[in-house]
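First the structure, in the form of structure tokens, and then the observations on it.
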Amino acid sequence: MDPTAPGSSVSSLPLLLVLALGLAILHCVVADGNTTRTPETNGSLCGAPGENCTGTTPRQKVKTHFSRCPKQYKHYCIHGRCRFVVDEQTPSCICEKGYFGARCERVDLFYLQQDRGQILVVCLIVVMVVFIILVIGVCTCCHPLRKHRKKKKEEKMETLDKDKTPISEDIQETNIA
């Protein structure tokens, strides 16, 4: 007997109580673990409330890994833009689309391929056009053949009708038995 079937003798009240207790405990456990509240601050970060503190905080100089290329590397990148790696003291290239390599000297042949969606649409159109041409070609070839077969069949029926001898209904009875 299925305990979850309607009309079963097993009550679902204990199951519901266990689920409710589990949800209550879970809510208490993770209530502060994942929150979107902003942390409360007892005082202002700048000092006096309402004070503009953007000018008083010292700006830190942002250190980057790259800088502009020196003039001696002006034509270093063949198909791209030059940048200078500060830590290594070497030039590097940011290649234009369709090129790759250390100096952007190689052509990326896969870049020349169009979007796959466009290729799919073009292929479907070509397949439909070929299918239509094929159907028209088959119909054009089959129609004269069908006419020719029909004409031959009619001629054959005419010759059969001419060769056919009429069957007489006169049957003579003989007493052979």
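Just so it is clear, glycine is given a Cβ too, placed from its N, Cα and C backbone atoms.
The shown structure was predicted, so the numbers you read here are calculated from the model rather than taken from an experiment.
Per Swiss-Prot, the feature signal peptide maps to 1-31; the stated evidence is experimental evidence.
According to Swiss-Prot, the feature topological domain 'Extracellular' maps to 32-118, an assignment based on sequence analysis.
Among the features that Swiss-Prot reports, N-linked glycosylation site is placed at N34 (among others), with the record citing sequence analysis.
Summarising the annotation, Swiss-Prot assigns N-linked glycosylation site to N42 (among others).
The N-linked glycosylation site annotation in Swiss-Prot covers N52 (among others) and is backed by sequence analysis.
Each residue in the domain 'EGF-like' (65-105) has a pLDDT score, and their mean in this model is 89. As annotated by Swiss-Prot, domain 'EGF-like' applies to 65-105, with the evidence given as sequence analysis.
C82 (disulfide bond) carries a strand DSSP state (E or B). What Swiss-Prot lists as disulfide bond is C69-C82 (among others).
Taken from Swiss-Prot, the feature disulfide bond covers C77-C93 (among others), and the record attributes it to sequence analysis. Within the same chain, the residues at least 6 positions away from C77 (disulfide bond) whose Cβ sits under 8 Å from its Cβ are P91, C93, I94, C95, R103, C104, listed in sequence order.
Per Swiss-Prot, the feature disulfide bond maps to C95-C104 (among others); the stated evidence is sequence analysis. When other Cβ atoms within 10 Å of the Cβ of C95 (disulfide bond) are tallied across all protein chains shown, the result is 19.
Residues or ranges marked as transmembrane segment by Swiss-Prot: 119-139.
The topological domain 'Cytoplasmic' annotation in Swiss-Prot covers 140-177.
Swiss-Prot lists 153-177 with the feature region 'Disordered'.
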Task: Cβ neighbour count within 10 Å of C82 (disulfide bond) - done: 18
TODO: Have a look around C104 (disulfide bond) and count the other CB atoms within 10 A of its CB, chains all included.
DONE: 20
- [ ] Would you mind checking how many other C-beta atoms are within 10 angstroms of the C-beta on C69 (disulfide bond)?
- [x] 19
